[in-house]
């Protein structure tokens, strides 16, 4: 293969854990093209489909997914291929968390069928058709023949995998046969051949796919290894007792532990590496394979190694992985403005192509790109010459294509429209951070009993999510937290003023949704629990700011207000709008759930390695919070001068050093404070189980989904 667009990477610069030994790694010379189109995809999704937040797909700090897995992508194709891959990631995540994934797949399938059969994609209420149309139109404008091949491959991939989301696999062999297709063998074939301008002769296609199987087995297994935690969490969220992942299948079939299953997965990946290297070496000696087939087979080697390097450091799978500074700047300030061409449009289908294969949709979108000097507004350098050449080459004779802007518009007094994009940016950021979505899961589980109609249930979920994320934004400001879920806290990116303003605006959004429930009692519940939440937070802040240690009773009263309030809010709203014949007061369960959750959080803050990655080491001590273990310690050692002076120093410096934290933890062990907290958690959990059992008996319905959530909270 002749390398024109990529650079060989020094093995000292990346980690493979021995999962692709013998295969070099290359990286595209212009990864900014991928970054722009991935972030553009996020913007389009928000405008046409719904909230997305700071989405974690193909981008990463050091190695972006497409730039390292298709390093020889033609520069004028890298962007749209990255956009298509990012769209597939987002859609895949929707499938993972949706109760009816087949419906989501059907909508995608119909869109591609319309484009291929009729040359146009009709509008759909899902909004995803607009993005499909955008992908198709850009690809067709570049290379109609290969674009159609790529889109057909994508369609075939959806048709082959979309009906098996509920399937359970009996053995590893059966699973891997399915997984090779599920990981996107046909989808990747379409992207790779389009990106590198490869055409596989029809008579070699079957042979080509057969030879490629070890490579796709390698990529499928690697995906299962790095995505295990993410996929397991999705299964729990949906109340499933199985997971479509090699690690789960290996555990089930062989009765082995999770660690043993992971090691088995690693060994299978290494075996697939050896198998494909052998297949490729043998293929090089064949005279019946065309140049393009060999180019495709060789390119798969770099897809394998690139997938390993990207997968092992991707924010998509690892919450402690980061974006690059350039990516963070673009996320915060928006994409750079494109080279200011006369018509200010991007890659559209040539006019002569419109009759046969033009993906038409009657809405449009303003594009973004570079400023006058090839720099973004925040000063980030971008390869202007390359982008300009790519743009000019594919803008000749192109017609305007846009997608509609669904941003909420507000009329100013002078009649001009104001939008909420800037106002919502901090909120969108925090909603995009990794989350277990416990409250949404709990709402779905509680609905086994309450049977709230879908439309009202969605409103209750939205109200809960909005208030929860707004409270996190304000909590981090008030506590001075620098990390949230392993990422920079919202105010460290957007500043205090913008974050507070955005968080306050969320109360307006939540209230608008309460009004849609169309009853005065819902408004009363909303104001009561919102009041409780603020009262609880005020008590917490007062004790911290004035170095006043509360009693145990005062602490639990604060938690009942602050954390229990949101749990009570959604259960009370569900009870109001329940269609169940059984009328039950759920407040005892929801209050106990809130208290248990906060106490558990206090404990994990001190002892959990995962929590350290998410929020920092012993963050509650750093913030001067009076958590349950600290309250017990102060009561157990009221005259300990070391402890008192550490707390006093915090009031002066507002900092607790690592050494000081370790001293406090040592005192907690010595005084039995951590043991006391564990025992308290056990007692609280017993009360939680009692309330749960009582509700099961009253409703006369077993709630396996809620029970699974409670077990997850206890054992996590």
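Glycine too: its Cβ is placed from the backbone N, Cα and C atoms.
According to Swiss-Prot, the feature motif 'DDXXD 2' maps to residues 475-479, out of the candidate ranges 465-469, 470-474, 475-479, 480-484.
Range 223-231 is the one annotated as motif 'NSE/DTE', of 214-222, 223-231, 232-240 (source: Swiss-Prot).
Among the ranges 92-96, 97-101, 102-106, the stretch that Swiss-Prot annotates as motif 'DDXXD 1' is 92-96. Counted with DSSP, the motif 'DDXXD 2' (475-479) comes out as 5 helix, 0 strand, 0 coil.
The separation of residue 598 (dimethylallyl diphosphate binding site) from residue 227 (substrate binding site), Cα to Cα, is 28 Å. Nearest by CA distance to residue 562 (dimethylallyl diphosphate binding site), out of the binding-site residues 229, 317, 439, 468, 479, is 468. When pLDDT is averaged over the motif 'DDXXD 2' (475-479), the result is 82. Residues of the motif 'NSE/DTE' (223-231) grouped by DSSP class, helix first, strand second and coil last, total 9 helix, 0 strand, 0 coil.
On the backbone, the CA of residue 479 (Mg(2+) 4 binding site) and the CA of residue 563 (dimethylallyl diphosphate binding site) stand 16 Å apart. Taking Cα separation as the measure, residue 317 (substrate binding site) is nearest to 484 of the binding-site residues 439, 475, 484, 563, 605. A sphere of 10 angstroms centred on the C-beta of residue 231 (substrate binding site) encloses 18 other C-beta atoms. Cβ neighbour count for residue 92 (substrate binding site) (all protein chains, 10 Å cutoff from its Cβ): 15.
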